[in-house]
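Single-structure report; data block below.
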Amino acid sequence: MKIRKICCIGAGYVGGPTMAVIAQKCPEIKVTVVDFNQARIDAWNDENLDNLPVYEPGLDQVVAEARGRNLFFSTAVDKAIHEAEMIFISVNTPTKTYGEGKGQAADLKWIELCARQIAAASDTDKIVVEKSTLPVRTAEAVTDILDNAGNGVKFQILSNPEFLAEGTAIEDLHKADRVLIGGDLNTQGGREAIEALVGVYSHWIPRDRILTTNVWSSELSKLTANAYLAQRVSSINALSELCEVTEADIDEVSRAIGADSRIGGKFLKASVGFGGSCFQKDILNLVYISRSYGLTEVADYWEQVIKMNDHQKGRFAKKIIKSLYNTVSGKKIAFLGWAFKKDTNDTRESAAIYVADHLLCEKANVHVFDPKVKAPQIQSDINYLQSRNQEENESLLSIDTDPYGACRDSHAVAILTEWDEFKTYDWQKIYDSMLKPAQVFDGRNILDHDALRTIGFRVYAIGKA
Ligand code: UDX
Ligand code: ADP
């Protein structure tokens, strides 16, 4: 079966870039990305490519190439579902904030809504592809809804988890290590559906990198991949604390262990803590599923990865407070970076949010500069925690559009995101404008610490004595 029309529900960080690349690489397929958020769709359709709702290096060129040709963004959800032969579900699945499984299980209400909408708007057979990260066995629930709430048409459900990392999404999509497709290998219809999706990806991904599995393996592989990656960050962060009290240097330790080909050098960068929409959520899912099967030791094991991450964020904030003579009340502290990593405007679960919140509880005046994150997003991230009321947040937390302004008259500068431009700032100028002793807290170990010390800064870096 050759696919001619694709619909993707959800125009976010996953749906937007993924569909843009599919449209770019498959010019004969009409790809329509739909979302019920009108402002988001308007931004995707904005003539000025600087206004796209997702910032990703290279995304603007891909959108410029395909938009209007075979890539469309729309709020007409039902129409796009009705037309398409293949529908990707790419909606958000945040951790539940209420009821049973609160704080751990994934909130599947958007997925269920999508399934019901697909069932209602379909009068021909369709292939439904789960793109969002989902707990294992979600496909079962989606299948059940489609089979029972629909108009008698046949649906094939595939799991096709996304492995792109934000900040390198376009590169990751163009040169994926692997594409994973889970489906019903036991039936002719299932195998045909898998082949139809293989046909889409094989426009640009070598066939031997497209892995096919059963649905449950595919769903669990996604959770596991993220859990493994997050575990590496927590492991190196745990050692960073040990390095700080010994004469060891975490970057040297990373280099030494990463040179072992069995360990590998990637994902060994100690930091203020991992963030992003996936790591914490996926591990919590793993923990929740394990507990629900009574696997206490398995659940406890993975939960520790999150506890370590929370500890790392907390101890960074405490280090700042301690170094500023145990009080930050009324003191200006500059934050360089708010995004959860460089080259994205995504702030979900960013370490910066939790470090800022800790300092705001101590009545510090936090001034934030981030090259890509907009002021309303920063305020809304802090308000979302509900640690204090909105007015108090606004009086304590300021957003600057210029890094030098953020640092002027501050007691300390903290690096929360590893944006490249921070390395090339005029640090002498920053030093001259700060209160003394001027302190730098490098939560990403990206600055030249010796050079900063020569200027006169006191420097704290993760995992350095
Ligand atoms: C992750 C997975 O990498 C990706 O495959 C999956 O599809 C989605 O989740 P993402 O969250 O976008 O991608 O970014 P990633 O590069 O994995 O970084 C996650 C967090 O870990 C960031 O906050 C990053 O700064 C932090 N990190 C990463 C470290 O602190 N140290 C490292 O060595 C690597
Ligand atoms: P992700 O990182 O998984 O892409 P985002 O939050 O960036 O998550 O994007 C998910 C998008 O899905 C949001 O723009 C949201 O408005 C959209 N969405 C959620 N549920 C539906 C639905 N039932 N119909 C259409 N769009 C939806």
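For all residues, glycine too, the Cβ spot is worked out from N, Cα and C.
Bear in mind that TrEMBL entries carry predicted annotations, made automatically and left uncurated.
What TrEMBL records for this protein:
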BINDING   10-15, D35, R40, 91-95, 132-133, E166, 278-281, R348  NAD(+) binding site
BINDING   162-166, 222-226, R262, 269-275, 340-341, R444  substrate binding site
ACT_SITE  C278  active site, nucleophile
DOMAIN    334-449  domain 'UDP-glucose/GDP-mannose dehydrogenase C-terminal'
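Where TrEMBL records a feature, it is marked here on the structure.
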residue : record                   : DSSP (3 states)
G10     : NAD(+) binding site      : coil
N92     : NAD(+) binding site      : coil
E162    : substrate binding site   : coil
L223    : substrate binding site   : helix
A270    : substrate binding site   : coil
C278    : active site, nucleophile : coil
F340    : substrate binding site   : coil
* To do: From the binding-site residues listed here (D35, E162, L223, Q280, F340), select those whose CB sits under 6 A from an atom of ligand 1.
  => E162, F340
* Residue counts in helix (H, G, I), strand (E, B) and coil for the domain 'UDP-glucose/GDP-mannose dehydrogenase C-terminal' (334-449), per DSSP? -> 47 helix, 19 strand, 50 coil
* Structure fact -> Lowest 10 Å Cβ neighbour count of the recorded positions A165, A270, C278 is held by A165
* **Nearest of the binding-site residues (G10, D35, N92, T95, E166) to G273 (substrate binding site), judged by Cα-Cα distance** => E166
* **Collapsed DSSP category at D35 (NAD(+) binding site)** => coil
* **By Cα-Cα distance, the member of binding-site residues Y13, T95, E166, Q280 nearest L223 (substrate binding site)** => Q280
* To do: Using CB under 6 Å from any atom of ligand 2, narrow the binding-site residues G10, D35, A165, F340 to the ones that qualify.
  => G10, D35
* Check the Cα distances from N226 (substrate binding site) to each of the recorded positions G10, Y13, D35, C278, Q280 and keep only the ones within 10 Å. => C278, Q280
* Asked: In Å, rounded, how far does the Cα of N92 (NAD(+) binding site) sit from the Cα of A165 (substrate binding site)?
  -> 16
